[in-house]
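Peer 1: The structure follows.
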Amino acid sequence: MKLLHRFFSNEASGGIILIIAAAAAMVFANLGATQGLYHAFLETPVELRVGVLEINKNMLLWINDALMAVFFLLVGLEVKRELVQGSLASRQRAAFPVIAAIGGMVVPALLYLAFNYQDPIARQGWAIPAATDIAFALGVLALLGSRVPVALKIFLMALAIIDDLGAIVIIALFYTSDLSILSLSVAAGAIAALALLNIFNVRRTGIYILVGVVLWTAVLKSGVHATLAGVIIGFFIPLKEQDGHSPAQQLEHVLHPWVAFMILPLFAFANAGVSLQGVTLSGLTSMLPMGIIAGLFIGKPLGISLFCWLALKLKLASLPQGTTFRQIMAVGVLCGIGFTMSIFISTLAFASMDPQLIVWAKLGILTGSLLAAFVGYSLLKVKLSGQVQPV
């Protein structure tokens, strides 16, 4: 029991479980004996009905849209804490991840287009390498445990949130034609209600969660990625301590083990099972996957590092407290883990075309993400060698 307690108390444990879950998914998705069971689990229909409201999704979408909204709620709480009283609590430090995220979206997209500019069909996938999978990036970072400065973790979180927001805007503008104005109006009303609760210092977390469920449902029905609702809820829950009680910090403490040891491993298991059927060396070396690999593995760190360097030189932003520029560059490599959001964009970009394009895109995403994960982890391990953060 002591050994088990020590394992779950170790900051790296969540990352280890996530990697095991992802590896298990790859095995299950590619073994003939388990392939059918794996896909049957993901396609299991789950229906929720309350009066006239009906949400009917398969297991994969419930994990990605509902459980991951809880993960994004935790991320929102942590980023808010650092913006208000932590490593991003100045305008210049808060601007740093914003500028980094812009570079991390623009340069990978341009690099992808450099590979595929002559192919009008492949060009439609330009946004694929612009995305960062925050869950997997944080999971790999967690493998380094207490050596990671809190400010570096928060920088990655903030950058990835902005990256995700950018991806959601790109999807809405370029890959979605049926947004629901009614649902977006309900979502706007729910956000206004959350703002009023915060302004009037309502400190009962349950009320925020109740309004948050309305927000999540409206965002889901609108056609926009529903996980965005989690970040918004987290930003409105009061952080300020009164009578020794902070609603935001208390909720953060409650959510952390559930997210690390249940939600993220489930997410990894549900999304990492990429079938390698039909994959060939000639397919891997074609312009489409090569553009994605280059965008994720080279474009991401290059864009983040270049824009951060310019921001520092022009004094538009400053480094997060307790971090170095070399650590930021290493995190930039880790941001090349595109994975689930990149796969989602690829299915939208090529859904009405040759299905083989999606297979090639997934192959490029998987290869680029694995390279980014391995090299990013290795670089950070070197850059953080000997560092242990105080508890």
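Glycine is treated like the rest: Cβ placed from N, Cα and C.
From Swiss-Prot, for reference:
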type     : residues : note
TRANSMEM : 14-34    : transmembrane segment
TRANSMEM : 59-79    : transmembrane segment
TRANSMEM : 95-115   : transmembrane segment
TRANSMEM : 125-145  : transmembrane segment
TRANSMEM : 154-174  : transmembrane segment
TRANSMEM : 180-200  : transmembrane segment
TRANSMEM : 219-239  : transmembrane segment
TRANSMEM : 254-274  : transmembrane segment
TRANSMEM : 292-312  : transmembrane segment
TRANSMEM : 328-348  : transmembrane segment
TRANSMEM : 357-377  : transmembrane segment
Peer 1: Can you work out which residues elsewhere in the same chain, 6+ from the ends of the transmembrane segment (180-200), have a Cβ less than 8 Å from its Cβ atoms?
Peer 2: 207-208, 211-212, 214-215, 218-219, 221-224, 229, 232-233, 236-238
Peer 1: May I ask you to check whether the transmembrane segment (125-145) and the transmembrane segment (254-274) make contact, with contact taken as at least three Cβ pairs under 8 Å and only pairs 6 or more apart in sequence counted?
Peer 2: yes
Peer 1: With the transmembrane segment (59-79) as the reference, find which of 14-34, 154-174, 357-377 contributes the most Cβ pairs under 8 Å.
Peer 2: 154-174
Peer 1: Cβ pairs under 8 Å with the transmembrane segment (154-174): which stretch of 14-34, 95-115, 219-239, 254-274 has the most?
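Peer 2: Of the candidates 14-34, 95-115, 219-239, 254-274, 95-115 scores highest.
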Peer 1: Do at least three C-beta pairs under 8 angstroms join the transmembrane segment (292-312) to the transmembrane segment (219-239), pairs 6 or more apart in sequence?
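Peer 2: As far as Cβ distances go (cut-off 8 Å, pairs 6 or more apart), the transmembrane segment (292-312) and the transmembrane segment (219-239) do not touch.
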Peer 1: Residue list, the transmembrane segment (14-34) vs rest of chain: Cβ under 8 Å, 6 or more residues beyond ends.
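Peer 2: For the transmembrane segment (14-34), the sequence-distant neighbours (Cβ-Cβ under 8 Å, at least 6 residues beyond its ends) are 135-136, 139-143, 260-261, 264-266, 268-277.
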Peer 1: Should anything in the same chain at least six residues away from the transmembrane segment (95-115) have a Cβ under 8 Å from its Cβ atoms, list it; otherwise answer none.
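Peer 2: Contacts of the transmembrane segment (95-115) (Cβ under 8 Å, skipping residues fewer than 6 from its ends): 88, 123, 125-130, 132, 155, 158-160, 162-163, 166-167, 287-288, 290-292, 294-296, 298-300, 302-308, 310-311, 316-320, 328, 332, 335.
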